[in-house]
């Protein structure tokens, strides 16, 4: 239940305010060069405390690799990693110890388990997503070996929607905006929410490219571990995500078949309404996924709620929070797409008998 | 890869034009009364050939239970079921034997596996979804024991969107429309597509209720088998689905936190923007899921494509197809939600130590 | 729970006296030639009714392939198979409907599930092992592609132990005896047991060879899906098996390290005490497994037992049974070893990064 | 592949000479009191350096719990644990860097992965079994809630076999001997092996009791996750184990059915030849498992082997090793039985529909 993937498997542990969080990555093929600097860079992209569009909580987020790598190379043994939690202010949470914050998992965890680590959201905190990024970095290294690249950014903040999409530009944007012409308005909206002690929703757009060069077309495992199903599960399983869309998605549900089918000629597909996935398998076109984030549930306005004794109380939060979780969430989504594709890449081995003949010749 | 669920597990086999399709349902608790008539009724709801809004292919779709039931009661042994394919017109597919139909899985299956059962889409045919409905019927029986009900219908066809939502009305509608005032316009649009040899997209809305009576709040397994993640995977894994949305979904990504959080008082939640899921766990409110279907890729218009030799050809389809897959798809989505919830219900056993004390006293 | 294997996955259903038993084989690479005659031959080897050393119950055991094979070739889709039960005498079991037969699963199934299909042992019948042999036949076809061969036979019956081991001879022996000089004594002992309305235990010896030619050394997945662990699980999971031994096994526990280690020189291993497995991985030597079967629990002598109301009763069985389950069991063990190795072969793909480079070049 | 169990799941990482080893225990029900002192005691029982019958390598083996426990109580979140490696002498292994030690996993890991952490056996070291004991301690806490107790000891060393079996006595024995009258001879044999720079095999006997009080009869999941199959897999998956036997095991294969069946009267089973398992399910009697260990492969005598360049060399080992791995191995086996039973206990929830009614009333 705390494990993600089938052949490239990531199991995680850890709470927001525990001593450390960590994970085990099982299934990394032996012989992969593990670039620790790249892992740090990826984790840094997700990190808060860098500007006013994210949480002021500044973590060092140092990833320690405890196993599975020898002489800089993966050995085939599981890779164990931990990240210490060193900027925790548990006192911030004393006042919410016995109340259910609206929009949070407090209510559901309490009822499911009867016990709750209330400090910083405990297990349900987005803190755990550091591990998705760290393991996603290793997935990216694996994908790079066959030429697949994942990238992403912010498509919209509130109702400020990108008109152009530039994945290079997003890399330098403080909010990972994909449209340099919309970035300012998007920032302004986040700031407005922040100053009103409120928060705002947003949409990330994630892309994978390079699926038609070395990779055979057809990543994904029909019928119950299809590529789009696995992507949807990964994205929807991330905190705050309320909708996932592949390719044209919403628009596909509004149009005629003649407008939605991607025809083919000898130059390849003539359009990409499908977002790179047909029948649950990659078709060689770029993969496009949109991920819809709700606004951060932690807002600093009075809200009606109950306490654990069933009394009506007013919830007034303190603490440090992102005004818009979509921003840092977009980095995690990119990692998740890499994790899904790495899993599918390994699962695809053995799909044809000729793979066995090629390897075991 | 062809198995769905963890504790309530469904594994399926079969192709559109093979002798039979079938499945194994593993994990059904012993002692459940198995109502064969109800299974038939459910399968009948999905069946084509009943009106001009679905495929003219009329299957008998008789479900044979081969094991796991003794004296009308589940025994704890896996339930094996088969459904014979008896109205196949494989000859219809001779002309597409070596071409890739746009919008279909032909291209991706061919490249992944190097071999393809081209008759009626083979394994990638929506035919297999009969089994999801048949096993979903058993999941519904299990859920009924604790008072959970799943229902669904058509929310929109093309751009004709429901304004009201009436799950009772949808049961009698030929297209399962949720809004009796929009039904006619929706039907007209489907008909228009059909007569133009085209097809049209649509959206299903699925609901589960009764999660707060006998059931403890908290169905779902954090962090990687969350309820919303599992629902997204199930729905997106269905043929033709391109987006999945929980609760307010898209709108959540546009608003402020103060507009999206569901406050609580002693009467319960004051709103249900979350669609019944918080932190990946059921919160007791009704669950709402929207599922976006693309238009049927099989259209009877000339389309550019390639054949298996890489030559450019014109694809001109014959055969029998649904003008709008969302219609019958909505029935399957309802079954899928039941399957996910049945799985979560069983997985939830043992979440607290007191469950062990209650059972093993 | 009714699924075996991870990449080459077999899920089964069916009871002894139900209409049919069946299975789904998921993960067979596309492009494998499926030889139906070979499947029949394998199933025939296991079949009863051929001589007085096995049950007089004579099944036709016709395997019907319902999916996953097109034009005689596997398509990558799951292979569904059923075998009808057509020589069932359920009336034989009326008298044991409410009593617990000693040595059988009646007692445990009844207490676990509260309900029991008493006819012929229901789900717990060895009848299900037909499916292990049928799917094992497909595993053997896969293994043959890389030169691995599984074979087996009877090592001992009661205390009559083989001195020589001849896997060719066992193929023609009515009791699959590995030692032609002991065969007669072994047969006599079975006959003695049968005529005394009793039964007798025995040991099967199973071998796999050809693991050092095309196959890289190292089949098995450390640390929790090791080759020896998987073999032990497969064998011990078969009805009536009470011990499993790899290589020298028992003797290894009695000797000094200097007597047990297999030294190596440029010609290869100088001995094979390990039975072909080191550190849970195949080492290139032949794999040897001994499987210890208890005597058939169904004996026709009066035995003390209880009925489902808790009353003491005398159990007096009728029906048709093997006097020695080890005999037909040895065929199933051979199939199980093939299933384990096929799974490991597929799991091994991707163990090294160079596999990806070879396939995705 | 590095994960054990289905509902009570343990995933481990770490090498003998890495910075730390660790594990994640997923599926521990919330509300269980976690007794850290007990974990230490269990780990201490397995620890070397205490007497001359085990390795002189003395580890502090301090278990740090990083997550999943709050206020001394399990929260339902995964429990992360690490154990630092602080007495590693990697220099001892420089000389075997490029040679394959006979009887070790060097040969197979090298061929499977192409790369090898040669220090102390790397991933294949028995060091990892600390984690099995630490997680086994938590499994024991869970089992204790329903009255199940696991215990074990040494049944034989070489050919010195116990005649009596006293599980209380073994707790105070330096070699966990089950027979106080044989202990001295067993110790002498270990010493003889040690002084001859050799090693010796042995057999552990493990028992579980208390399965018929609170627990319903029937732990185990037929047909492919049976209790005996799971035990066999767990035990055979432990380093150095070459055979596993349930109940009478070997003897069962030699006798008549009338001698092997366990009859029943109103006082219960009249014998326990089955070792507490019938049809793969616990029958209420005590469970008995014998585990056969080979002698430690590390011996300090000259042995023929190859180096990684294929040259013939003489292997002459240094380092610190157990003269008999069965001794400390017996503690691990006890933990493994606890892990299997904890998993089965949780899996059994939901086997009957009445469980749902009891929990969700």
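We number each residue from 1, going along the chain as drawn.
Just so you know, glycine gets a Cβ as well, placed from its N, Cα and C.
The model shown is predicted, which means the values in this text are computed figures rather than measured ones.
With a cut-off of 8 Å between CB atoms and residues at least 6 apart in sequence, the same chain places D:191, D:194 near residue D:52 (NADP(+) binding site), listed in sequence order. Residues or ranges marked as NADP(+) binding site in TrEMBL: D:46, D:52.
A simple way to gauge crowding: the CB of residue D:123 (FMN binding site) has 29 other CB atoms within 10 angstroms, across all the protein chains here. Under the heading FMN binding site, TrEMBL lists D:123, D:124, D:125, D:239, D:240, D:279, D:294, D:295, D:296, D:297, D:298, D:320.
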Checking the binding-site residues D:125, D:296, D:298 for other Cβ atoms within 10 Å of each Cβ, the smallest tally belongs to D:125
Which Cβ among the binding-site residues (D:46, D:294) has the fewest C-beta neighbours inside 10 Å? D:46
Taking DSSP as the reference, which of helix, strand or coil describes residue D:123 (FMN binding site)? helix
Near residue D:240 (FMN binding site), how many other Cβ atoms are within 10 Å of its Cβ? 24
Using only the Cα atoms of D:123, D:124, D:125, D:239, D:240, D:279, D:294, D:295, D:296, D:297, D:298, D:320, which the record gives as binding FMN, return the largest interatomic distance in Å, rounded to a whole number. 43
With 8 Å as the upper Cβ-Cβ limit, not reached, which of the binding-site residues D:46, D:52, D:123, D:125, D:294, D:296 neighbour chain A? D:123
What is the nearest of the binding-site residues D:123, D:125, D:294 to residue D:46 (NADP(+) binding site), using the Cα of each? D:125
Within reach of chain C, those binding-site residues of D:46, D:52, D:123, D:294, CB-CB under 8 Å: D:123, D:294
